[in-house]
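Copying in the features that TrEMBL gives for the protein in this structure:
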- 12-34: transmembrane segment (TRANSMEM)
- 46-69: transmembrane segment (TRANSMEM)
- 81-99: transmembrane segment (TRANSMEM)
- 119-140: transmembrane segment (TRANSMEM)
- 152-176: transmembrane segment (TRANSMEM)
- 188-206: transmembrane segment (TRANSMEM)
């Protein structure tokens, strides 16, 4: 017997699907967690913090904050320039690792302490305007179309995929670990991260 698809479950599924389409895109947050997962360095605390941040931002967005942010030209401009400059800096770090003499390897200390790892996670999340655009503005605006009771189900669905995705990054990285025993693989990964971060940064800075 198949379960009845009630409005609540449909809202949950819509939240799950919406979150999937946005969170799976490779950004600074995903790139940092993937890199730390490949090193087996503090990846689970990082994933938990990513889920926590997403949960808070999604909840705020569905509650109506996304509408307020999208209507403020000043907030959108500040987030665009602040995020663009941060992504340029983040990409520069990846470029240095890709072209430096000591390319990243599994034993290197990119985030040598738990405190540094969590602070970097907070930075790549809270200083990245895409995090707000995806979770607060886009997910929030879609969830805001539902009745108050159904918004909760939509938000839970969106948060559910966030938890699934970040857990999958931590677990799935072990399958890629043999590939990244070669220093060249780390150089290629860092080069790709640099290119993506700079592309997003330039897009942000020249938009609007």
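In case you wondered, yes, glycine gets a Cβ from its N, Cα and C as well.
Tell me what's around each of these sites.
Sequence-remote contacts of a segment are chain residues at least 6 beyond its ends whose Cβ falls under 8 Å from one of its Cβ atoms, and for the transmembrane segment (119-140) they are 15, 18-19, 22-23, 27-29, 31-33, 46, 49-50, 53-54, 57-58, 60-67, 69-70, 79-80, 82-84, 86-87, 90, 111, 158, 200, 204.
Beyond the ends of the transmembrane segment (152-176), by six or more residues, the same chain brings 8-9, 11-20, 23-24, 30, 33-34, 37-38, 43-44, 47, 50-51, 54-55, 58-59, 62, 135, 139, 142-143, 146 to within a C-beta distance below 8 angstroms of the stretch.
For the transmembrane segment (188-206), the residues of the chain that approach it from at least six positions outside its boundaries are 26-28, 31, 35, 80-81, 83-85, 87-88, 90-92, 94-95, 97-98, 103-104, 129-130, 180, judged by C-beta separation under 8 angstroms.
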